[in-house]
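Below is one structure, written out as structure tokens, with a few remarks after it.
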Amino acid sequence: MVYLKPPCILFLGLASGVLGGNVQKSGLALPTDAQANREQVRNTFIRSYEAYKKHAFGHDEYTPLSQSFSDSRNGWGASIVDAMDTMAIMGLDQYLEEAINFTSQIEFSKSKTSDSVSVFESTIRYIGGLLSTYELTDKRYPALVDKASQLGDKLSFAWVGNNDIPFGHIDFSSNTPQKENSNIAEAGTLTMEWWALSKYTGNQKYIQFAEKAARRVASNPAPLPGLPAQSINPNTGSPVGGYVSWGGGSDSYLEYLIKYPRLTNTDDQFWTNLWLAAVDSSINHLLMTSTVGDHVYLGDIDSQGRRVHVGSHLACFHGGNWIMGGKLLNNDTIVNHGLDLVEGCWNTYASTGTGIGPESFAWTSSDGGYTGGPTPTPSDQAFYQQNGFYITTSSYILRPEVMESNFYAWRATGNTKYLDRAAQVLDHFQEYLTANDAYSGLGNVQDNSIHTPRIDRMESFWFAETLKYLYLTFDDPEHISLDEYVFNTEAHPFKAPSWSDQCNGMPTGCESATPAQIDKSVSQNSRVAGRRHQVLRLGKDY
């Protein structure tokens, strides 16, 4: 694999400043049936959480088929912490108070299981959930910050010596990491949460750790501009192999390249330039159109430079991310590509027997249908000829990403077809996911019979993401507006500071400060000096 050094990037329409556009369409109006759908989502949350409380409270997940529990996230009560800000958004105060009281007593310095602790998962679920809830409850519960800090202090042991890249997992009993290769999602998806942790504790070490990891990923030679290799060696900080993807292992690193600068409102173009480079490379190399139906999908590139015609539910966040970034940068070309990706992922829902999308899928485009896996069977080929994709992993584990991007598409365009789609999915969830007193995943999204195999776990992201995005789709668009909040990759919203908030370090405030002084103040406050890429502005679009 030939690696390309980070270039001086030629861009595509970067607005003056960094992020100046509104994400949401102005004047959005909900149809009359939205309230009923919103209440159905709320009732789905209540049903799910009541079952969790009855059978699994304090544990990480409820297992609805066996009506028991599992502890895949170190036994700290992931479903509670992940659900808290959704409770706040839905106005479920009776659950929220209990959840905050429980969470305030968690001992995050010790794992309740023998498992190692994932830096990435603990950051996006626990630190993200704690600090988002702290914000949404008007900062009335400082214990939530204390608990996030307690966890952040332990996770900091993932950085060994002078390493820029953290190891992915830590043994909390000895504070020693598992010295294995990591990936760019694990290393580069810490900036939002650890920035908020530094903000609320006043301790800059958290954002220093997070930023140096993301910057190291960004500074490495890459197979394609803006698209680093998926795997990385924490000891050396160097890439391993050359696989490129917007799917698991890479996804949220790319996601945060546009979300982090929006959250911080920095005038440093470093992060937005990287995101634009990633999108540019993706349009040129990863964007594909199926030979049947002209559906637009985003594939991968393997270490030999071959295009891999595979997609996943997990990667279907990309449409929403491109819509958000394109709107912020006033770039209609990126927005339209994002909307095309939303359509492609929606097709994987609309074409199955249950109306719910599969875990992974594949297709054929004009350059073939290489997947790196088995040759499609005659049944796969027949399905492709009818639907423009075929299923490679048929399960559904309550994932949010298709409805996440659908939410962004609705808020950005005001097209009510996205509300109709969300309503359809909500109905399909009621029809096919109910299991005893809650909801469970499906073994095969094609099987709409009563005998369809089920997956005995209700993931914590069902509370944090799937139901939150559905609820907000039907909620007042000014509630948790995309022009005011930025969601982390676990759908925990953070309030983006206004321009005036960036002047906290200026002796006389913003009124007498120049943009350069403000930017210098922000850089000093973060204690991380970011280099700037030179940008050639080419106009609004490509």
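The backbone N, Cα and C atoms fix where each Cβ goes, and this holds for glycine too.
Just so you know, TrEMBL annotations never went through curation; they're auto-generated.
Per TrEMBL, CYS316 makes its disulfide bond with CYS345 among CYS345, CYS503. For CYS316 (disulfide bond), the nearest neighbour among the recorded positions GLU359, GLU401, THR489, judged by Cα separation, is GLU401.
Inclusion criterion for the recorded positions ASP251, CYS345, GLU359: a C-alpha placed within 10 angstroms of the C-alpha of THR489 (Ca(2+) binding site); this criterion is met by ASP251. When the recorded positions GLU121, CYS345, GLU359, GLU401 are compared by Cα distance to ASP251 (active site), the shortest distance belongs to GLU401.
Contacts of GLU359 (active site, proton donor) defined by a Cβ separation under 8 A and a same-chain sequence distance of 6+ are given as SER312, HIS313, LEU314, THR393, SER394, SER395, TYR396, ILE397, ARG399, in order along the sequence. In this structure, the CA atom of GLU401 (active site) is 17 Å away from the CA atom of GLU121 (active site, proton donor).
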